[in-house]
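> Structure below; questions to follow.
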Amino acid sequence: MKEKQFWNRILEFAQERLTRSMYDFYAIQAELIKVEENVATIFLPRSEMEMVWEKQLKDIIVVAGFEIYDAEITPHYIFTKPQDTTSSQVEEATNLTLYNYSPKLVSIPYSDTGLKEKYTFDNFIQGDGNVWAVSAALAVSEDLALTYNPLFIYGGPGLGKTHLLNAIGNEILKNIPNARVKYIPAESFINDFLDHLRLGEMEKFKKTYRSLDLLLIDDIQSLSGKKVATQEEFFNTFNALHDKQKQIVLTSDRSPKHLEGLEERLVTRFSWGLTQTITPPDFETRIAILQSKTEHLGYNFQSDTLEYLAGQFDSNVRDLEGAINDITLIARVKKIKDITIDIAAEAIRARKQDVSQMLVIPIDKIQTEVGNFYGVSIKEMKGSRRLQNIVLARQVAMYLSRELTDNSLPKIGKEFGGKDHTTVIHAHAKIKSLIDQDDNLRLEIESIKKKIK
């Protein structure tokens, strides 16, 4: 009886917190298996759902636990239901009901879908910067054109947009092999249109794209500034698919409202469904990405080396991948297996500008010059006092330590009285943002830089 009350309370809280579609996907599909010794065992049909439960719903489990059991209940997630008797035939029938696909049309050979098999949800690393985009992508892969249509995902280069597009397509084909799926960069779509137009084969072009169950368009910003006829054809393709309740997923390097050179009617349609952004990965996510990328390379990347690398590249995943490639090249040449910070530093030296300066500037020199400028002692800088002038000096010094040295975030934090790496990240982001808004602060920091160098 208590278990039922406990679970119903969790669902009530979840319904208040999540959107309807997110609630249907994450909460309704979950199942409470048992509560035993203050541990709630919760079945999730997909491992990717765990992060949303951890990030968004864990606290409501605790609240519900105190309400019903007068105890702190800890969740434990499982992904295989105990003694699951559901037959594969029943599962398949359920899937066929959920997906709005075209069973009468001939399926597309995988080689013609444009998808890359290596990109799946299983190997996509989730973090705070992409959790909602991943959640939306998963929802789309469960309910084609019933949840978000179109789904528009935007963010900078190297953040995983292409990976997510492919993951959606691969997931659909895993569940329904006959679904008609096409992944294509916008530039390739444009070229395909122009080729068919030149050859007088527009009917063939229309049949190819307008008979799809799922159209995945990457880098839709490439359509900006193109001729009216090109935008007109994409507009008609979009309408044809949307009217037939076929799923469309688009990615871009900017949000729909910032897409210049596109007809307003297209921009409006891009906003019909759901728009989600992906931001650069945080420190913990970068470490998880590095662990995933390095675990099968045959080298021993020490934990402090991974932390060092995660502290060096914070803009996108491609920089991390490039650094790993450089490191493994050096390791191969030197015939070594253990990757230390020294090896990593040697590898990324060429990837950093002004490294000769970065390597010789000690953090205490930065602290001294910043302290002299703002009238703050190094002891105060390393302390925890929150006076405005001390906080500013501390954050500026952390910012410059990040900009002018190749020290890892944990190392910088340690030099400021054992501060956590997240404090360094916050300080760097704060000062970087203020510099863009405050010319006086920008000039002050430039002046300090000259004294340091």
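Each residue, glycine too, has its Cβ placed from N, Cα and C.
Okay, these came from Swiss-Prot:
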BINDING   Gly158, Gly160, Lys161, Thr162  ATP binding site
REGION    1-74  region 'Domain I, interacts with DnaA modulators'
REGION    74-113  region 'Domain II'
REGION    114-331  region 'Domain III, AAA+ region'
REGION    332-453  region 'Domain IV, binds dsDNA'
> What kind of secondary structure is Thr162 (ATP binding site) part of, going by DSSP in three states?
helix
> Write out the long-range same-chain contacts of Gly158 (ATP binding site), meaning residues 6 or more apart in sequence whose Cβ is under 8 Å from its Cβ.
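Ser315, Asn316, Val317, Arg318, Asp319 - these are the non-local Cβ neighbours of Gly158 (ATP binding site), listed in sequence order.
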> Using Cβ atoms only, which residues of the same chain lie under 8 Å from Gly160 (ATP binding site) while being at least 6 residues apart in sequence?
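In sequence order, the residues whose Cβ lies under 8 Å from that of Gly160 (ATP binding site) (at least 6 apart) are Phe124, Asn130, Ile278, Val317.
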> What is the number of other Cβ atoms found within 10 Å of the Cβ of Thr162 (ATP binding site)?
18
> Can you list the residues of the same chain, besides Gly158, Gly160, Lys161, Thr162, whose Cβ falls within 8 Å of the ATP site's Cβ centroid?
Gly155, Pro157, Leu159, His163, Leu164, Thr251, Ile278, Val317
> List the same-chain residues at least 6 positions away in sequence whose Cβ sits under 8 Å from the Cβ of Lys161 (ATP binding site), in sequence order, or say none.
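Once residues fewer than 6 apart are set aside, Lys161 (ATP binding site) is near Ile153, Tyr154, Gly155, Asp218, Thr251, Ile278.
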